[in-house]
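Peer 1: OK, TrEMBL features for this one:
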DOMAIN    9-171  domain 'MobA-like NTP transferase'
BINDING   Leu12, Ala13, Gly14, Lys25, Asn53, Asp71, Asp101  GTP binding site
BINDING   Asp101  Mg(2+) binding site
Amino acid sequence: MISSDQITGLILAGGRAQRMGGIDKGLIPFLGKPLIESAITRLKHQVGPMLINANRNITKYAIHSHPVIMDETPDFSGPLAGFSAGLKACNTPYMLTTPCDSPLLPKDLGSRLAAEMLRGDFELVYASSKEADGKVWAQPVFCLMRTNLNESLEAFLQKGDLKIDRWFKELKSSTVVFDDTQAFANVNTPEELKALEEAFV
Ligand SMILES: Nc1nc2c(ncn2[C@@H]2O[C@H](COP(=O)(O)OP(=O)(O)OP(=O)(O)O)[C@@H](O)[C@H]2O)c(=O)[nH]1
Ligand SMILES: [Mg+2]
(Lines of atoms letter the chains of each structure in order from A and count residues from 1; the text may use other names and numbers.)
(Lines give C-alpha, C1' and ligand atoms only; values in the text may rest on other atoms or scores of the structure.)
(Ligands and ions follow the chains in the order given, each with its own letter.)
Protein backbone atom coordinates (compact mmCIF):
# COMPACT_ATOMS: atom_id res chain seq x y z
CA MET A 1 0.00 0.00 0.00
CA ILE A 2 1.13 3.55 -0.69
CA SER A 3 0.41 5.77 2.31
CA SER A 4 -0.50 9.41 1.91
CA ASP A 5 2.71 10.56 3.61
CA GLN A 6 4.71 8.90 0.82
CA ILE A 7 3.04 11.24 -1.67
CA THR A 8 3.88 14.91 -2.28
CA GLY A 9 0.96 16.90 -3.66
CA LEU A 10 1.85 19.35 -6.45
CA ILE A 11 -0.75 21.98 -7.27
CA LEU A 12 -0.20 23.44 -10.72
CA ALA A 13 -0.87 27.16 -10.84
CA GLY A 14 1.83 28.08 -13.30
CA GLY A 15 -0.16 28.71 -16.46
CA ARG A 16 -0.91 31.88 -18.36
CA ALA A 17 -4.70 31.67 -17.90
CA GLN A 18 -5.21 33.36 -21.24
CA ARG A 19 -8.85 32.31 -21.48
CA MET A 20 -9.38 34.02 -18.13
CA GLY A 21 -7.86 37.22 -19.50
CA GLY A 22 -4.32 36.48 -18.36
CA ILE A 23 -4.92 37.00 -14.66
CA ASP A 24 -3.42 34.53 -12.22
CA LYS A 25 -6.08 31.82 -12.12
CA GLY A 26 -5.24 30.31 -8.73
CA LEU A 27 -5.83 33.67 -7.08
CA ILE A 28 -9.22 34.57 -8.53
CA PRO A 29 -12.02 34.52 -5.96
CA PHE A 30 -14.14 31.39 -6.00
CA LEU A 31 -16.99 31.59 -3.47
CA GLY A 32 -15.04 34.36 -1.74
CA LYS A 33 -11.69 32.57 -1.45
CA PRO A 34 -8.74 32.24 -3.85
CA LEU A 35 -9.49 29.36 -6.20
CA ILE A 36 -6.38 27.46 -5.15
CA GLU A 37 -7.70 27.15 -1.59
CA SER A 38 -10.39 24.72 -2.73
CA ALA A 39 -7.76 22.52 -4.36
CA ILE A 40 -5.59 22.65 -1.22
CA THR A 41 -8.58 21.68 0.93
CA ARG A 42 -9.43 18.70 -1.28
CA LEU A 43 -5.85 17.51 -1.59
CA LYS A 44 -4.47 17.94 1.90
CA HIS A 45 -5.88 14.71 3.35
CA GLN A 46 -4.63 12.75 0.36
CA VAL A 47 -0.93 13.62 0.57
CA GLY A 48 1.88 14.36 3.01
CA PRO A 49 3.91 17.39 1.93
CA MET A 50 2.41 19.83 -0.53
CA LEU A 51 4.05 22.10 -3.11
CA ILE A 52 2.56 24.95 -5.11
CA ASN A 53 3.91 25.52 -8.61
CA ALA A 54 3.41 29.12 -9.70
CA ASN A 55 5.23 31.55 -11.94
CA ARG A 56 3.71 34.85 -10.79
CA ASN A 57 2.57 36.39 -7.50
CA ILE A 58 4.83 34.08 -5.52
CA THR A 59 4.28 35.88 -2.21
CA LYS A 60 0.50 35.62 -2.55
CA TYR A 61 0.73 31.86 -3.08
CA ALA A 62 3.20 31.56 -0.19
CA ILE A 63 0.60 32.60 2.40
CA HIS A 64 -0.80 29.07 2.18
CA SER A 65 2.29 27.84 4.06
CA HIS A 66 3.50 25.42 1.40
CA PRO A 67 6.70 25.91 -0.59
CA VAL A 68 6.10 27.73 -3.87
CA ILE A 69 8.26 26.57 -6.75
CA MET A 70 8.64 28.18 -10.16
CA ASP A 71 9.28 26.62 -13.57
CA GLU A 72 12.97 26.55 -14.46
CA THR A 73 12.34 28.49 -17.64
CA PRO A 74 10.09 31.55 -17.57
CA ASP A 75 8.40 30.85 -20.92
CA PHE A 76 5.14 29.19 -19.82
CA SER A 77 5.99 26.00 -21.63
CA GLY A 78 3.12 23.98 -20.21
CA PRO A 79 2.30 21.66 -17.32
CA LEU A 80 5.29 19.36 -17.89
CA ALA A 81 7.51 22.29 -16.84
CA GLY A 82 5.57 22.28 -13.57
CA PHE A 83 5.93 18.49 -13.22
CA SER A 84 9.68 18.90 -13.72
CA ALA A 85 10.00 21.61 -11.06
CA GLY A 86 7.92 19.44 -8.71
CA LEU A 87 9.98 16.29 -9.24
CA LYS A 88 13.16 18.22 -8.47
CA ALA A 89 11.74 19.57 -5.21
CA CYS A 90 10.14 16.31 -4.09
CA ASN A 91 11.46 14.23 -1.18
CA THR A 92 8.90 11.42 -1.30
CA PRO A 93 8.76 8.37 -3.61
CA TYR A 94 5.51 9.55 -5.24
CA MET A 95 4.06 12.84 -6.47
CA LEU A 96 0.38 13.58 -7.13
CA THR A 97 -0.41 16.52 -9.41
CA THR A 98 -3.62 18.50 -9.71
CA PRO A 99 -4.43 21.82 -11.37
CA CYS A 100 -5.36 24.85 -9.27
CA ASP A 101 -8.67 25.35 -11.05
CA SER A 102 -10.62 22.16 -10.25
CA PRO A 103 -12.29 22.81 -6.90
CA LEU A 104 -14.28 19.54 -6.97
CA LEU A 105 -11.34 17.23 -7.55
CA PRO A 106 -12.04 13.68 -6.28
CA LYS A 107 -11.52 13.07 -2.56
CA ASP A 108 -10.26 9.58 -3.40
CA LEU A 109 -7.99 10.67 -6.27
CA GLY A 110 -4.74 9.71 -4.53
CA SER A 111 -5.94 6.42 -3.10
CA ARG A 112 -7.43 5.15 -6.35
CA LEU A 113 -4.45 6.16 -8.49
CA ALA A 114 -2.12 4.60 -5.90
CA ALA A 115 -4.05 1.31 -5.87
CA GLU A 116 -3.80 1.12 -9.66
CA MET A 117 -0.10 1.96 -9.56
CA LEU A 118 0.64 -1.00 -7.31
CA ARG A 119 -1.77 -3.33 -9.10
CA GLY A 120 0.16 -3.15 -12.33
CA ASP A 121 3.53 -1.91 -11.04
CA PHE A 122 3.03 1.21 -13.17
CA GLU A 123 5.36 4.23 -13.28
CA LEU A 124 2.55 6.71 -13.72
CA VAL A 125 -1.24 6.60 -13.39
CA TYR A 126 -3.52 9.43 -14.54
CA ALA A 127 -7.21 10.03 -14.07
CA SER A 128 -9.88 9.85 -16.75
CA SER A 129 -13.43 11.12 -16.46
CA LYS A 130 -16.62 9.55 -17.70
CA GLU A 131 -18.92 12.24 -19.04
CA ALA A 132 -22.71 12.22 -18.90
CA ASP A 133 -22.83 10.89 -22.48
CA GLY A 134 -20.60 7.96 -21.51
CA LYS A 135 -17.47 9.25 -23.27
CA VAL A 136 -14.18 8.83 -21.42
CA TRP A 137 -11.67 11.68 -21.40
CA ALA A 138 -8.09 11.64 -20.21
CA GLN A 139 -7.38 14.12 -17.42
CA PRO A 140 -3.59 14.00 -17.61
CA VAL A 141 -2.80 16.79 -15.15
CA PHE A 142 -4.45 14.68 -12.42
CA CYS A 143 -1.63 12.25 -12.16
CA LEU A 144 0.33 10.08 -9.70
CA MET A 145 3.92 9.34 -10.65
CA ARG A 146 7.00 7.76 -9.18
CA THR A 147 9.47 10.53 -8.43
CA ASN A 148 12.30 8.51 -9.98
CA LEU A 149 10.79 9.61 -13.32
CA ASN A 150 12.76 12.83 -12.97
CA GLU A 151 15.45 11.64 -15.39
CA SER A 152 12.94 10.40 -17.94
CA LEU A 153 11.15 13.75 -17.91
CA GLU A 154 14.42 15.68 -18.20
CA ALA A 155 15.43 13.61 -21.23
CA PHE A 156 12.00 14.14 -22.79
CA LEU A 157 12.09 17.93 -22.28
CA GLN A 158 15.67 18.07 -23.58
CA LYS A 159 14.32 16.82 -26.91
CA GLY A 160 12.22 19.97 -27.03
CA ASP A 161 8.96 18.10 -26.64
CA LEU A 162 6.30 19.49 -24.30
CA LYS A 163 3.29 17.27 -25.03
CA ILE A 164 2.11 15.56 -21.92
CA ASP A 165 0.50 12.59 -23.66
CA ARG A 166 3.68 11.90 -25.65
CA TRP A 167 5.67 11.69 -22.41
CA PHE A 168 3.07 9.36 -20.91
CA LYS A 169 3.40 7.06 -23.96
CA GLU A 170 7.10 6.58 -23.17
CA LEU A 171 6.21 5.24 -19.72
CA LYS A 172 4.56 2.20 -18.24
CA SER A 173 1.33 4.02 -17.49
CA SER A 174 -2.32 3.36 -16.76
CA THR A 175 -5.48 5.29 -16.04
CA VAL A 176 -8.38 5.12 -13.58
CA VAL A 177 -11.83 6.18 -14.79
CA PHE A 178 -13.86 8.29 -12.33
CA ASP A 179 -17.64 8.30 -12.83
CA ASP A 180 -18.38 11.60 -11.08
CA THR A 181 -18.94 13.92 -14.04
CA GLN A 182 -18.47 17.06 -11.90
CA ALA A 183 -15.21 16.05 -10.23
CA PHE A 184 -12.98 17.41 -12.97
CA ALA A 185 -15.01 20.52 -13.71
CA ASN A 186 -12.52 23.31 -14.16
CA VAL A 187 -12.52 27.01 -14.60
CA ASN A 188 -11.03 28.33 -17.82
CA THR A 189 -13.22 31.34 -18.56
CA PRO A 190 -15.17 33.90 -16.50
CA GLU A 191 -18.38 32.16 -17.68
CA GLU A 192 -17.18 28.79 -16.38
CA LEU A 193 -16.27 30.41 -13.07
CA LYS A 194 -19.77 31.83 -12.70
CA ALA A 195 -21.43 28.54 -13.69
CA LEU A 196 -19.38 26.53 -11.21
CA GLU A 197 -20.07 28.98 -8.39
CA GLU A 198 -23.79 28.73 -9.12
CA ALA A 199 -23.63 24.93 -9.10
CA PHE A 200 -22.16 25.10 -5.59
CA VAL A 201 -24.90 27.15 -3.95
N1 LIG B 1 4.03 25.17 -14.40
C2 LIG B 1 3.25 25.41 -15.45
N3 LIG B 1 1.96 25.03 -15.40
C4 LIG B 1 1.20 25.30 -16.47
C5 LIG B 1 1.70 25.95 -17.62
N6 LIG B 1 0.68 26.06 -18.53
C7 LIG B 1 -0.41 25.51 -17.95
N8 LIG B 1 -0.09 25.04 -16.70
C9 LIG B 1 -0.99 24.43 -15.73
O10 LIG B 1 -1.59 23.30 -16.32
C11 LIG B 1 -2.95 23.19 -15.89
C12 LIG B 1 -3.87 23.07 -17.09
O13 LIG B 1 -3.71 24.21 -17.93
P14 LIG B 1 -4.90 25.15 -18.39
O15 LIG B 1 -6.19 24.76 -17.76
O16 LIG B 1 -4.83 25.25 -19.88
O17 LIG B 1 -4.49 26.55 -17.73
P18 LIG B 1 -3.74 27.75 -18.40
O19 LIG B 1 -2.74 27.27 -19.41
O20 LIG B 1 -3.24 28.63 -17.30
O21 LIG B 1 -4.93 28.54 -19.14
P22 LIG B 1 -5.03 29.01 -20.69
O23 LIG B 1 -3.90 29.99 -20.90
O24 LIG B 1 -6.37 29.64 -20.78
O25 LIG B 1 -4.86 27.73 -21.49
C26 LIG B 1 -3.24 24.43 -15.04
O27 LIG B 1 -3.17 24.02 -13.70
C28 LIG B 1 -2.11 25.38 -15.37
O29 LIG B 1 -1.74 26.19 -14.26
C30 LIG B 1 3.09 26.34 -17.62
O31 LIG B 1 3.61 26.91 -18.56
N32 LIG B 1 3.81 26.04 -16.50
MG1 LIG C 1 -3.42 26.14 -21.19
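Every residue, even glycine, has its Cβ placed from backbone N, Cα and C.
Just so you know, TrEMBL annotations are computer predictions that nobody has curated.
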Peer 1: Determine the C-alpha span of the GTP site listed in the record, that is the greatest distance between any two of Leu12, Ala13, Gly14, Lys25, Asn53, Asp71, Asp101, in Å to the nearest whole number.
Peer 2: 18
Peer 1: Have a look at the binding-site residues (Asp71, Asp101) and report the one with the fewest Cβ neighbours inside 10 Å.
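Peer 2: Counting other Cβ atoms within 10 Å of each of the binding-site residues Asp71, Asp101 gives the minimum at Asp71.
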Peer 1: Where does Asp71 (GTP binding site) sit by DSSP, helix, strand or coil?
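Peer 2: Asp71 (GTP binding site) sits in coil per DSSP, no helix or strand.
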Peer 1: So what pLDDT does the domain 'MobA-like NTP transferase' (9-171) average out to?
Peer 2: 96
Peer 1: In DSSP terms, helix, strand or coil for Lys25 (GTP binding site)?
Peer 2: helix
